[in-house]
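The block underneath contains the structure these notes are about, expressed in structure tokens.
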Ligand SMILES: C[S@@+](CC[C@H](N)C(=O)[O-])C[C@H]1O[C@@H](n2cnc3c(N)ncnc32)[C@H](O)[C@@H]1O
């Protein structure tokens, strides 16, 4: 049997990768999943970070990938300013530089730590180039612009739908980490919690935390379930519904922010969703807050309730472009085909949900999308097909200060709202009544 060649004493021994390299490798995998395969960042997490030992490393890989996506066009401008020949968009050297720069310029990682943990990702490849470009930019003392750039496709689409003002608001919104909003179990205690949590309130039952708050589980009130995290825009569908004691179907309910609000407002809630993992979070949220709801796991395309309800809320699955500040991957992976596919699903779900509203009852349709196809146009198509429903404009006193309904009767929120107080997510919300026809009774 031939002997294996003896190791040459002069051959360089491979140094072990610096601590933290595996986390950067996972961040690179996450970027690749979003940019090349069009996967949602959250769904890619499990697979991309499975080799990491624990929560903090996974959290860091997620934070690096999210920060890179948040500022991608600006990071690319910096990289292009320091390379003689433009690196292809999918070059590994570009990805490694994006990750290194996002850490230094966005997350405050020391430059030596950022580059040392990123260079092994291009071992056997353009290591020198990555090192050189990074060094040049660090010597120049580059920073990220105060107003971020959006990727061209999202900017062009939103300019076409909403105008340049909205694009500028979105650019300002994504430049800063979004604030954290809380919804309170007991709206009567708003002032107490705003003071204890050192936050500000824009509406009863709402507190916006300041920038430098402690980790969420360490804040007063978390353990005893006095509040849950929910952007103020996401709290609006339940605010429109208000208090009540009847039967309410919360469709597409998980992880349950709206279920909690509605249960706290007195409704007998049945929360339906098809996702087991998201329903597990909903049940945990109910346990933590001591609120109750019937939880049903089902595909709404083939499930039906045993009886119609007084109120039906459909918080439909959507492109999620309205929550681009928290999920910047949507800016890259949501294309017209995705929007069209979601709009078709929303049409089917809405048609079914409408049939489950009692005569005299209420239907609320919501999406966290900034695409008219999933909001205004979906509503118009519904009203064309269902003349037994009528749009009900929100009463101004249920809306937070600074949030106004569209004069046509629906609610359209976005990054331009609350501009001087941290802004808000993009939602479309329509409240519809199903009036009683002559001879029909509400029971
Ligand atoms: C916008 S999220 C809901 C957020 C939730 N209402 C809240 O406030 O926390 C949309 C939900 O729709 C669910 N979903 C999507 N398609 C569904 C279907 N065919 N049947 C049931 N649930 C579905 C998803 O699992 C997801 O949890």
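Yeah, the Cβs are placed from backbone N, Cα and C, and that goes for glycine too.
In the record from TrEMBL, residues 252, 253, 254, 255, 256, 257, 258, 273, 299 bind S-adenosyl-L-methionine; the candidate from 231, 315, 329 listed for the same site is 315.
Whole-number maximum of the Cα to Cα distances across the S-adenosyl-L-methionine-binding residues 252, 253, 254, 255, 256, 257, 258, 273, 299, 315: 20 angstrom. Rounded to a whole value, the Cα-Cα separation of residue 368 (active site, nucleophile) and residue 252 (S-adenosyl-L-methionine binding site) is 13 Å.
Taking a C-beta cut-off of under 8 Å and a sequence gap of six or more, residue 258 (S-adenosyl-L-methionine binding site) has these contacts in its own chain: 234, 235, 237, 238, 250, 313, 315.
The Cβ neighbour count for residue 254 (S-adenosyl-L-methionine binding site), using a 10 Å radius and every protein chain shown, is 24.
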